[in-house]
Amino acid sequence: MNKICLSLAAAALTAGSLLAAPVKAQQTEEHYAMVVFLKGSEFFNWAYAGFQDAAATVGATTELQGPADWDASAEARAVDQLVAKGVKGIAVTAGDADTLVGSINAAMEAGVPTLTFDSDSPKSNRLLFVGTNNYNAGFAAGKAVGEQIGGDARVGVSLIPGLDSINHRLQGFKEGLASVAPGAEVVAQVNDEGDLQKAETVNTAMLQANPQINVIFCAHGNPATGALAATRNVGRFDGPNKVHVLAWSIDVPILQGIEDDEYGSTVAQNPYMMGVQSFLQLWSAAHPTQFDSLTNPGMGQVPTADLDTGVKILKKGDPAIKALMTPPRI
Amino acid sequence: MSINFAKIKVSGSWLQYIGLIVVTVLIVAFTHSVFGNVVTLANLRVLAMNMIFEAIMALGMTFVIILGGIDLSVASVFAFGEILVAKLMVEVGLSVPLAAAITVAVCALIGALNGAMIVSFRVHPMVVTLGTLLTLRGVNLAITDGRSISGFSDSFLWLGQGRILGVDFPIVFFAVAAVVLGMLLGHHRFFRQIYFIGGSERAAKYSGVDVARVKIAIYALSGFLAGCAGIMAAAKYGAAHWGHGNMAELKAIGSVAIGGADMMGGSGTIFGTVLGAIFLAVVHNAFVTSAVNPFWYDVVNGVMLLIAVLVSRVIAKQNERKMKSVRQQKIDRSLQPQSP
C-alpha cells in the first residue's frame with residue numbers, strides 16, 4: 001500500500017510542478033484569453049500567435065483554452081471558467097454559433113469584454129466579430145480565377161452544403177468570377193463532407209462526369225488534397241488539360257504544393273491579424289476613456305460593425321508563402 | 001477503552017480513495033494559494049458544471065465496467081439525446097415532459113440494443129459499442145445537416161440552467177442519482193449480481209444468474225443516463241449540436257478508472273466514480289486557473305488514468321493472492337491427518 005501512496009504523491013508532485021510554471025505573473029499583469037474549438041490547429045496557432053504578440057506590446061499576458069476535438073459545449077465551459085477566473089477579456093471562435101450564446105452573454109453581463117473571431121455567434125451580445133468576410137473572400141477568389149483563366153473557366157466546386165459561411169463564399173465566388181469573365185461558369189458542385197477521402201472520390205466522379213471542368217474551387221479548408229488526388233486519378237494533374245485547383249487553406253503542404261506547381265492558387269485568410277485585432281479590440285474595451293461606449297456602457301470604445309481581416313489569393317512565387325511556411329510555436 | 005490503531009486494517013480500495021482525496025485537496029489548495037480565485041463560489045460552480053454531464057454518464061459506466069464491459073457509445077447517445085429532444089420539441093411541437101420522456105426511453109432502448117447485441121452475438125462490448133458510437137455520430141450529423149437546433153422554451157431551459165436552493169439542477173440530478181444508484185449497487189440483490197458477473201461470468205451463469213438479462217438492463221441504464229445528460233446539456237447550452245460531448249466517453253471511463261474500479265470487471269463503486277469525476281474537474285480547473293499550456297491537460301489526464309489502472313490491478317492481484325492463500329490453507333487443513 002505504501003507504493004500506492006507513493007504513486008499518488010508522485011502524481012500530486014507532477015501536477016504541482018506543471019502548475020507552478022507561470023506562477024503569479026498573471027496576477028500582476030492584465031490577463032486575456034483566447035478560446036478555440038480545435039486546440040492545436042495550425043490556423044488557430046496563427047491566431048493565438050497574433051493575440052500573444054499584440055498583448056506583449058502592452059505588457060499583458062494571454063492564455064489559450066478550448067478542446068482538441070470539435071466540441072462547442074467544451075468551449076462554452078471554457079468561457080465560463082475564464083469569467084470565474086477574472087480575465088480582462090475573451091476572444092472566442094464559435095464552434096457552434098448557438099451553443100456559445102449563453103456563455104458569451106453571461107461573460108458580457110459579468111463585465112468581461114468578449115468578442116468572436118473567425119467563426120461568429122451573431123445571436124449573442126458579443127462586442128463584435130473579427131474575421132474573414134466570406135462573401136468578400138469568395139469574390140476575391142472568383143475574380144482571381146476569372147483573371148487567370150478568363151471566360152473559358154468551367155468550375156467545379158467542392159463544398160459542404162448547408163453551411164452559411166460556405167454559401168456566402170460560393171455566392172461571392174460566382175459574382176467575382178462574373179465580374180471579370182462573364183463567359184465563365186460554375187458547372188457542378190459536390191459534397192465532400194469535409195473529409196479528404198470523400199473529397200477524392202466525389203471530385204473524381206465530378207471530373208469524369210464533367211470533362212469540361214478546368215478549375216476546382218475548394219470552398220473550405222479540407223478538400224484540397226482530395227481534389228488534387230482526383231485530378232491525378234483522371235490524368236489531369238499536369239499537361240495541357242491540367243485542372244487548376246484553387247485551395248482555401250494556408251497549411252504548409254498546400255503552400256508547398258503551390259510552390260511545386262501542383263495547386264493553382266489558394267485563398268489565404270489572415271488568422272494572425274485576427275489574433276492581433278481581437279486583442280486590440282478587447283484591450284480597448286477593457287480600458288474605458290473619458291466617455292463610455294454607447295453600446296456597452298462601462299466598456300471602452302469598440303466598433304460594433306464586423307471587422308473584415310481580408311484574404312489574399314496566393315500564387316507561386318508570392319513572398320507571403322515563405323512567411324506562412326514557418327508556422328508559429330505556441 | 002483504548003483503540004489500537006495499528007491493528008485497524010484499511011482496505012486497498014479505501015487507501016486509493018484516501019489518496020485520491022488527498023491529491024485532489026492538495027491541487028485545490030496549491031492552485032488557490034498560488035493563483036487565487038479557486039475556492040470561490042463562482043469558480044466552484046463552474047468547476048462542478050464543467051464535468052457534470054460526463055459525471056452523469058460515468059455513473060452508468062460504473063455499472064458497465066463492474067460488469068466487465070465497456071460502453072463507448074455514451075458520447076454519441078448523449079448528443080443523440082440532445083438532438084432528439086430538440087427535434088421533438090422544436091420540429092414536432094411536443095411538450096417538454098413528453099419529449100424528454102420519449103428521449104430517455106429511446107436512449108435506454110439504444111443501450112438495451114447494445115446489451116442485446118453483446119449477449120446475442122457474443123462480441124466484445126468494445127466492438128459493439130464502438131459500432132454504435134460511429135453509427136449514431138453519423139445519424140446525428142445526417143439528421144441535423146451539421147447544424148445546431150435552438151429556440152427552446154424557458155421551461156426546458158430550466159433543466160440545464162435552473163437552480164434548486166441555489167444549486168444548478170444538473171448538479172442536483174447528479175447528486176440524487178449518485179446516492180440512489182450507490183445504494184442500489186451496494187444493497188440491492190439485482191445490482192449486487194453485477195459484481196458476481198464481472199468477477200466470473202461463467203461462475204455467475206452456473207449459479208443461476210440470468211447474465212443476459214442483467215447485461216441488457218445495465219447497458220440500458222447506461223443509455224438512459226447518457227440520454228438524461230444529453231437533455232440537460234441541450235437545456236444548459238440552449239442548443240443541440242452533433243459535436244457536443246465529443247470524447248466524453250473517455251472522460252466517463254477515466255472517472256470510473258481513476259475512482260478505483262477494476263477495468264477487468266468485478267470491482268468499483270459509485271463513491272469512487274464520484275471522486276474520480278471530481279478529480280478530473282479539479283485538474284481541468286487547475287489548468288485554466290494556472291494558465292498552463294492546455295496541451296498538457298490530456299497528458300496529465302492520461303498519466304493519472306494509467307496510474308489509476310495500475311493501482312487497481314495491483315489491488316486486484318493482491319486480493320487474488322489472498323483468496324488463493326485462504327483456499328490453500330483450507331486445502332492444507334483438510335489434508336492434515338485427523339488425530340484419533
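Keep in mind that glycine also has a Cβ here, set from the backbone N, Cα and C atoms.
Remember, it's a predicted structure, so these values are computed and weren't measured experimentally.
As annotated by TrEMBL, transmembrane segment applies to B:12-35, B:55-80, B:92-117, B:164-185, B:216-235, B:256-283, B:295-316.
The transmembrane segment (B:216-235) makes contact with the transmembrane segment (B:92-117): 3 or more of their CB pairs lie within 8 A, with pairs spaced 6 or more apart in sequence. For the transmembrane segment (B:164-185), the most Cβ-contacting stretch among B:12-35, B:55-80, B:92-117, B:256-283, B:295-316 is B:55-80 (pairs under 8 Å). Nonlocal intrachain contacts for the transmembrane segment (B:295-316), taken as residues 6+ away from its ends with a CB within less than 8 angstroms of a stretch CB, comprise 12-13, 16, 254, 257-264, 266-267, 276, 279-280, 283-284, 287.
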